[in-house]
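**Q** Relevant sequence annotations retrieved from Swiss-Prot are reproduced here:
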TOPO_DOM  1-38  topological domain 'Extracellular'
CARBOHYD  18  N-linked glycosylation site
TRANSMEM  39-58  transmembrane segment
TOPO_DOM  59-77  topological domain 'Cytoplasmic'
TRANSMEM  78-97  transmembrane segment
TOPO_DOM  98-115  topological domain 'Extracellular'
CARBOHYD  102  N-linked glycosylation site
DISULFID  114-196  disulfide bond
TRANSMEM  116-137  transmembrane segment
TOPO_DOM  138-164  topological domain 'Cytoplasmic'
TRANSMEM  165-184  transmembrane segment
TOPO_DOM  185-212  topological domain 'Extracellular'
TRANSMEM  213-232  transmembrane segment
TOPO_DOM  233-281  topological domain 'Cytoplasmic'
TRANSMEM  282-300  transmembrane segment
TOPO_DOM  301-306  topological domain 'Extracellular'
TRANSMEM  307-326  transmembrane segment
C-alpha cells in the first residue's frame, strides 16, 4: 500500500526513480497530432486574450484621461481594472507555459524555473477567480446595503488587496512541492528525460489528495458558491422591492430609483458566473476523475483530454468581452 510506506522507503523510491529507471521506446509522452492542435489553439487563444484584455485596459486609461485629473476611477471600474490585470497575468503565464511545455514534452528550464513558474501559474489562476469573487461581493453589497457601501469607501480597495494577497499565499506551496525528476536512459545517463512534477513531495498519498482538493475548492467550488449566493441575494432583493412598489424600485431607505447601471452590473455578474462555470467545469471534471481513477488517462482519448483542458483558456478571453459590453 502506498500510504503505508515510511519516509525512508519513500525517499529510496524517489531516489531510484530519479536516477535508474530505464527509458524504453514508447514509454514516454510525445507530441501527437491532437497535441499539435492543442498547441495551435492555445497560442491562438493567447493572442485573442492578450488583445482583448490589453484593449480594455487602454480603454479604461483613455476614459480616465477624459475625466478630471484628480478624479479617481469609479468603484466598479477599479474592480474591472484589477480583474483585467489578473486575466492578463493568467494569459501571459499559463497559456505560453502550457503551449511550450506541450511542444517540448519534457522540462528543459531547470529546477529553479520549475518551482518559480509552477508558483506563478497557480498564482495567476487564483487571482482572476478571487477578483470575480470580489466583484460579486461588492455588487451584492451595493444592491442590498447601498448606504453602508457608500459610507465605507475603502472596502473595495481592501477586498482587492486581500484577493492579491491570498493568491500569493495560497500559491506558495508550489515552490516546495514542485521539482525535477530525471529518468535514466539505457546507458544509465540521467539526461534521458527530465520533468517538472510533484513526485515524492508528499509523505503520504492523502497529503497530496488533500492539497489537490484544497486547490480545487479555492479555485472553483468556493468562488462559484460565493458568486451564486451573491447573485441570488441581488435577485431576491430586487424582486422583493419590485413587489413592494412596482412603480418605484427603491433600495431600502434610498430615495433614488435603482439606476440602470446597477441592473446592468447584475447582468454582468451573472454573465461572469456563467462564463466561469462553463469554462472551468470540463477542466475540473477531468481533474477530479483523474484523482479518483488515475487509469482514466488510458481510457480517455487524447483529443478529448486536450479539448477539455482548452475550455479553461476561454475564460480570460470571455471576461473582457463581458465587462466591455456591460460597463463601457
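Each Cβ is built from the backbone N, Cα and C atoms, and glycine gets one as well.
How buried are the listed features, and what sits near them?
**A** On the 0 to 100 pLDDT scale, the topological domain 'Extracellular' (1-38) averages 55 in the predicted structure.
Packing against the transmembrane segment (39-58) from elsewhere in the chain are residues 31, 80-81, 84-85, 87-88, 91-92, 95-96, 98-99, 102-103, 310, 313-314, 316-317, 319-321, 323-324, 328: each is 6 or more residues past its ends and has a CB under 8 Å from a CB in it.
If one looks beyond the transmembrane segment (78-97) by at least 6 residues along the same chain, the residues whose Cβ comes under 8 Å of a Cβ in the stretch are 42-43, 45-46, 49-50, 53-54, 56-57, 60, 72, 117, 120-121, 123-125, 127-128, 130-132, 134-135, 138, 156-157, 160, 163-164, 313, 315-316, 319-320, 323, 327.
Close to residue 102 (N-linked glycosylation site) in the fold, though at least 6 residues off in sequence, lie 31, 35, 38, 39, 42, each with a CB less than 8 Å from its CB.
Counting Cβ atoms from all protein chains shown, residue 114 (disulfide bond) has 20 others lying within 10 Å of its own Cβ.
Residues of the same chain lying 6 or more positions beyond the ends of the transmembrane segment (213-232) and with a Cβ under 8 Å from any Cβ of it are 122, 125-126, 129-130, 132-133, 136-137, 139-140, 170, 266, 269-270, 272-273, 276-277, 280, 284, 287-288.
Beyond the ends of the topological domain 'Extracellular' (301-306), by six or more residues, the same chain brings 32, 34-35, 37-38, 286 to within a C-beta distance below 8 angstroms of the stretch.
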**Q** Enter the number of other CB atoms within 10 angstroms of the CB of residue 196 (disulfide bond).
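**A** There are 21 of them.
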**Q** Can you name the far-off residues of the same chain, 6+ from the ends of the transmembrane segment (307-326), with a Cβ under 8 Å from a Cβ of it?
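**A** Beyond its ends, the transmembrane segment (307-326) has Cβ neighbours at 38, 41-42, 45-46, 48-49, 52-53, 55-56, 59, 80, 83-84, 87-88, 90-91, 94-95, 98, 128, 264-265, 267-268, 271-272, 275-276, 278-283, 285-286.
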